[in-house]
Amino acid sequence: MSDSPNSPPAKGLSISQRAMAARGPAAGAAPDYLAGLNPEQRLAVETTEGPVLVLAGAGTGKTRVLTTRIAHILATGRAYPSQILAVTFTNKAAREMKTRIGLLVGEAVEGMPWLGTFHSIGVKILRRHAELVGLKSNFTILDTDDQIRLIKQLIQAENLDDKRWPARTFANLMDGWKNKGLTPEKIPEGDARAFANGRGRELYRAYQDRLVQLNAADFGDLLLHPIRILSEHKDILADYHRRFRYILVDEYQDTNVAQYLWLRLLAQRPKTERSTLPGDTTQGRTAVAPDGTPPRSEPLGGGGGSEVNVCCVGDDDQSIYGWRGAEVDNILRFEKDFPGAAVVRLERNYRSTAHILGAAGHLIAHNEDRLGKTLFTEKSDPEDEKVTVTAAWDSEEEARAVGEEIEQLQRKGHLLNDMAILVRASFQMREFEDRFVTLGLNYRVIGGPRFYERLEIRDAMAYLRCICQPADDLAFERIVNTPKRGLGDAAIRLLHDFARARGIPLLAAAAELVTTDELKPKPRAALAEVVANFTRWSDQLSTMRHTDLAEMVLDESGYTGMWQNDRSAEAPGRLENLKELVRSMDEYESLPSFLEHVALVMDAEHAEELDAVSIMTLHSAKGLEFETVFLPGWEEGLFPHQRSLDEGGRSGLEEERRLAYVGLTRGKKRVKLWFVSNRRIHGLWQSTIPSRFLDELPEEHVDVIEASSSYGGYGARGFGDYGASRWDQNAFSASSYQTPGWRRAQAASGGAHASHKDRTVSYDENGATGQNLRARRPDAASRADRYIARDGGAAGAEREPTAFDRSGFAGRLTEPFSASHGRGRNEPPRKGAGLYSSARNGGPREISGELVAKSVAVEESRFGVGDRVFHLKFGNGTVAVVEGNKLTVDFDKAGQKRVLDGFVDAI
DNA sequence: CCCCAAATTATTTTT
DNA sequence: TAATTTGGGG
């Protein structure tokens, strides 16, 4: 959050506010940590007693309030660090708070054990009382992958068709239930019947039972179990009530029902309990602060049912996770839940220009369900740029034009790090990536596949889990036959049955099984080795450094070897990742603590020092800010997304609008909106109309740009000028020879060749050393080459007026001009000449397709076309085609088949 | 166990 | 369209 300018001295304040602001711990002077706060922030910080809701708009210094509030509580001696419960949603937010509190109060943060995410605090509580829900305190935390495999087993065990009832679907369903705090007994009958031939409830129950057997908990359980413990054991609850004097919650608008219930248990003391907690003097501090602050700020508190000092900070306008179970309602009804709550609005924005705020504010005002805030700024500079709206013909052009704008800003000395492209859906990223690769523009994709989610990391983790937790069957299953040890289906099934019959974990069962002769000698020996390995490794757990142990395990198990022998393109990257894994373990003092970290954090952090444009979804942009923000794809159907509209109705639309609001408010100086008239969706070209959100922007803060004007050398044109005529030209002058379909056909027939393929591409090769630079899939290089080639072919054309010139931006944004271009819905759009094809050059010159020949050294076949051959299964036939060692043979009886050279004999 | 062809399915994602 | 998952066959 912006730490920017301090508030002006307390002018324009009421006397009481000033008096309040001046009230410090000693007499008179406020402590310096309060000095930079504006009056509202200060109110939010100093209203320590009683329930407080801080409605913090985007860029109003929310994090600052939260951290200062904690610092204030500590500095005034109202509580010990261990008596403050502070919850955030993400690890990142928790980390940031920790550092910032550290800066404010020094080392005391080390003693803030209860600052963390909902889940990490849930784990903490659960570990203390695990036995109350049938777990041991060293339970494992399952990731989604484990979960799905487990569910699949259960579905199969129930003799259900796992095609018809996919495990993933059920996992999502169950996730939804858990988000709502529903245990198997409590799920609605309808939900229960909707899955697995009406056996949803049984399945859920079976799943929970299995988790207990496995001594495991999934993410949902990290909240649900504590809820159960706290509501069933009043003494434990009372204990936590006594412990937590102050509760703070970040991003309250994102809490789901389960989190809400959890919080309410901790925050709302029943009246009966209040009498049993007289003044809390047992804790060694008095509830009344040394400076004599009254327990509750007088003008605000009304005296209600709760006594805990809970402070929730959030912004209803930024609630964008409804689809994940978040309930905006939680924040909307805060005052009902906590009667007499003080509500502080932070509306003074330190981030964006007045134009950006004006645009965002006008847009979000179209929502009905909101508490209502209007952001304002004191900065105003006539130089400030308005929010721009630009049209492009299609997404490719959009990417091209954005790329050019970025390069132009860069030439003016702007840092790429200060720019971001925020998209609605991740498929939009690709076009930008491709474009930037051809430009050699550094970019960084935020989000996407995470370090700990990678295959090799999960495998490695499974080994480590088995060592720490011999009962972790899921982990064991994952790696018994990885690397391949000849333990196939048959052997594993036998092991399973054996284990189930005895009711013991797989590893233990394996140890026993190998002493019998139930397995064939080969698998038996293999399994015996696995068992011996694990026994040995477990023994060394206490004697060896965990990093050394991990290295040894990966080595001795043959896992590293497996990748070393793998000749595929991704193998080196995977090995690198494994090294990185071991390296990152170094920061943790033991294997179990590392395992827990991985389960909860799921991501490795990496410093990113490169200057690069960020590309990410709007969702992952929440909480960030950039000097310049590009918001492409503002079209109906994409944004607002059709699916949100279909499934969410009005509230779905409102959530989309909040997303738009989030997007706009990420920008500090410049926000640039784009929409295209044609977009390819699932391979079909669709005409699109501009997003309704564009119409919800106030004219006075928005400039409508004719795309090419700013850099095409054609001079700026006013809004609406020439729009229709250029559009006409565009619509009717293009020949069908320029349709992508036609060009594709040309390319496929092998017409053109690439000449410039040696552009510099700069990106991190394998993504191993930074979660931010997207992991390069093995195919990525060839994809890049493909586009470099394409650019080469078009290089000459680039300087010409692009089709962008004719983008058909016809004055009124809403006019569905593109829908009436006189072509069928699914026909590819016609582009003006000049992009990849040049009419002057007399024809399309687009090159697509793989440039890099798949030049695998092909083995010569000993057969030739026309040879007569014999095949064991298909009988006699004539060779029709020879491709390396693969033959296409016309068999006399069996028809044409492709067979491997080695499977036939000459006749 | 590996390879290929057919089928499937295409928001947003943290913990 | 294109990426991914699955099932059959070698």
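Glycine residues also receive a Cβ, built from the backbone N, Cα and C atoms like all the rest.
These come from TrEMBL:
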BINDING   A:A56, A:G57, A:A58, A:G59, A:T60, A:G61, A:K62, A:T63  ATP binding site
COMPBIAS  A:743-753  compositional bias 'Low complexity'
DOMAIN    A:35-353  domain 'UvrD-like helicase ATP-binding'
DOMAIN    A:354-623  domain 'UvrD-like helicase C-terminal'
REGION    A:273-305  region 'Disordered'
REGION    A:743-783  region 'Disordered'
REGION    A:813-846  region 'Disordered'
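All chains included, 28 other C-beta atoms sit within 10 angstroms of the C-beta of A:A58 (ATP binding site). Other C-beta atoms found within 10 angstroms of the C-beta of A:G59 (ATP binding site) number 25, with every protein chain shown included. In the three-state DSSP classification, A:A56 (ATP binding site) falls within a strand. Cβ neighbour count within 10 Å across all protein chains ranks A:T60 highest among the binding-site residues A:T60, A:T63. Taking a C-beta cut-off of under 8 angstroms and a sequence separation of 6 or more, A:A56 (ATP binding site) has the following same-chain neighbours: A:K62, A:V65, A:V313, A:G314, A:D315, A:L346. Under a cutoff of 8 A between CB atoms, and with a sequence separation of 6+ in the same chain, the neighbours of A:G57 (ATP binding site) are A:D315, A:D317, A:R345, A:L346, A:E347, A:N349, A:K373, A:L375, A:T665. According to its DSSP assignment, A:G61 (ATP binding site) is coil. The binding-site residues in question are A:G61, A:K62, and the one with the fewest Cβ neighbours inside 10 Å is A:K62. For the domain 'UvrD-like helicase ATP-binding' (A:35-353), the model's average pLDDT works out to 85.
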